[in-house]
Structure formats: C-alpha cells, structure tokens
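*Asks:* Among the features that Swiss-Prot reports, [4Fe-4S] cluster binding site is placed at 307, 310, 353, 360.
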C-alpha cells in the first residue's frame, strides 16, 4: 500500500495513494480531500420530495447524493430531478443505486443513464448464475457508453453466495481452516476485486471505478478495508452499513471510520444513520463533516469549543450561549460559504468559569469566559488571543453574539478584502 503525506489542516497524516475518480466533477481519491456523501430515503418517483431532500442534503454540505433507482417510474423521474435541482442552483452529483434490474433500467431509460453522475452496482444481486456476468457487463458497458464511473458496492447482507460457498468449501479442505468470520471477510474482498477486474477487462478504466465493502460490525469493517487497501489502489468508499439509530450509530461509524481514516484509508465516506421517525436526514451529513473536521482532515464549519460544565458552573448561561452560536453557525453556513470565504476556519470558545475559561478563550479566534458559580458577574472577551473587553449585565449573551457577527464580517467579509 503506497502512501504520501497530505495535510488538510495543520495535521499531516499518511494518505493511501488511490486512483482519482471524477464523479460529476467531484474528485474522489487521488490527492483530493475525503468527500462527504449521503443518500435519500424518499421514493425517487416522487420528484417533489426527492428534489427537496437532495437540496437539503446539499445545503447541509453533502458533496455527492445517492438516490434509489429501483423501477421504471424511478428511472423516468431522474432527469426531471436533475433538471429541477439545477434550476434551484444545486449542481450536486447524483448517484443511481441499482439492484437486481439495473442493466434493464439503464437500457430502457437513456435519459436516466445520462443524468446520473455515477452508477452503483452490487455484485451480490446484479444477476444470478449464468446471467450474473452478462448483466454486470451490461451495466459496465452502459457506463463506458455514457462516460460514467461506477461504484462496485459489496454488502455482507447480499454477498455473492456462490463465491462464499466456494471459499467455505475450499477452507474446510485446508489442514488448518480459518474461522467462518475470516472466510466471510475474504469473500467480501474477493467479490469487490473480482468484479473490479472484470469491469476493467470489459474496458472500464480504473479511474472510473470506486470500491466499497460494507459490513455492520466495526472490527469487520476495519479488517475488510485494510485488506482492500493492501490489495488494490482503487478509490475506496467507506461506510458502516446498518449502523443503527442515534448515538449507537454515530459511535459505531465514527469508531470504525476514524481508525481507517487515521491510517490514510478512505476517499469518500457516508455515515449511514437510521433516522428517528420524522427525523432530519441531514444529520448524517453533519456527523460525517464533524468526524473529518474533528480529526483535522477538513474544515466545514467554524468550531465552537465549550466546557462540559462542573460544580463551578451551575448556571446554564454558557450552555445556552454555546448552543445558540452553534445553531446559528449551522443555519447560516450555506450563505456564509458564499459571503465569507474561509469562515469555516473560524474558532469560537464559550467557557463557563475562570479555571480554563480565559486560557481556552485566548486560543480561539474569539472567545468568552462566562462567570462560574460565585464569581464576579462579568465575562472577559478575547479576540485573536488578546482581551478586548469585559461584558456585564443581563445582555452578555446577546452582546457576545453581536461581537462574533462583527468579527466574521471584519475578518472574512468585503471590508477585509477592500482594506487589503
């Protein structure tokens, strides 16, 4: 596994050198930053709801969005979705997620084949027995015809059973057989690599192929992607399938992908969270961004540092202020990205008492140290490491919010450009 040193923040890390793939103009792999992507859960045939969700995911920061293409009505809707998104200013690459009949849908709906930026193929259900290679080849040939990349996405829940049985039988005949888990991992890796080799034999370039091998257990994911990284230089899409809901899904995905990313493995990621009923689908985008930003690999939104609180901070003022600023940042980022280039590098500190408050506030671009329990009701504010004022009275929170807004305007806004 070859590597090079890449620095996206101030933290260099060894990056596995993969072959870059252009997905609708977004580069995945090579020396490009790790890309964040997501997937809709709407009925793709419902153009209005799908456009609305893709737009929301794109506004949240998803750089690629995958949609289900499972029947004729879905395939027929794809060009309409693409056109509507472009009219709304959302030029985000759309990936078609195909299972079972992808070869037929792409052939019957050429406008869909053209509108999509990438095709996702699952080797485990692209076809069965004597039809398998033919139907796989049909999709690959369609990708060649329309000059589209493909993701060969193996999933342990739909693993090629013929390949798995062959490897299990071969393993059983060995003198010191491997565990069933090890054989399954090998089958997943082989399924991806065999399919990639077949695609290349058909004529698809390596710069048009992305691989993924999704499982639902953290240790399996780490093992499988480590094997893939050692045995190929294809661009890799990371994702823990069926990660689950809430904190469990966030922790499991972050644990697995954090380890792989730290080793330089992974060119694009998706955090597959099960949303709560009526929940916000954009949550998975936010978690993916926060994972990459927390690890120091990319910058997406200003960082808000806040202390966890203790017996010195019985007041909730600092918690409420930190939450307000964080929500304000998330809400305004789509506009700020255009209006204030570089604002994602901003750091804000909202601290709750005198112990660590002043020190942490000095390290941030702009920070405030609110009074803890029994402390003088005043709050020193630090800008670029220097104390600039002390806020007092019931309007401390509102005053600091205005100072943050002014700082952003002065540092990243038009006035700064004119002055320079």
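Glycine is treated like the rest: Cβ placed from N, Cα and C.
Remember, predicted model here, so these are calculated numbers, not experimental data.
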*Asks:* Relative to the Cβ position of residue 307 ([4Fe-4S] cluster binding site), how many further Cβ atoms are located within 10 Å?
*Replies:* 22
*Asks:* Using the Cβ center of 307, 310, 353, 360 as the [4Fe-4S] cluster site position, which other residues in that chain lie within 8 Å, going by their Cβ?
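*Replies:* Other same-chain residues with Cβ inside the cutoff are 308, 309, 312, 313, 318, 351, 352, 355, 356, 357, 372.
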*Asks:* Could you tell me which of these binding-site residues, 310, 353, has the fewest other Cβ atoms within 10 Å of its Cβ?
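*Replies:* Among the binding-site residues 310, 353, the lowest count of other Cβ atoms within 10 Å belongs to 310.
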*Asks:* Enumerate same-chain residues with a sequence separation of six or more from residue 360 ([4Fe-4S] cluster binding site) and a Cβ-Cβ distance below 8 A; give 'none' if the list is empty.
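*Replies:* Long-range Cβ contacts: 305, 307, 349, 351, 367, 369.
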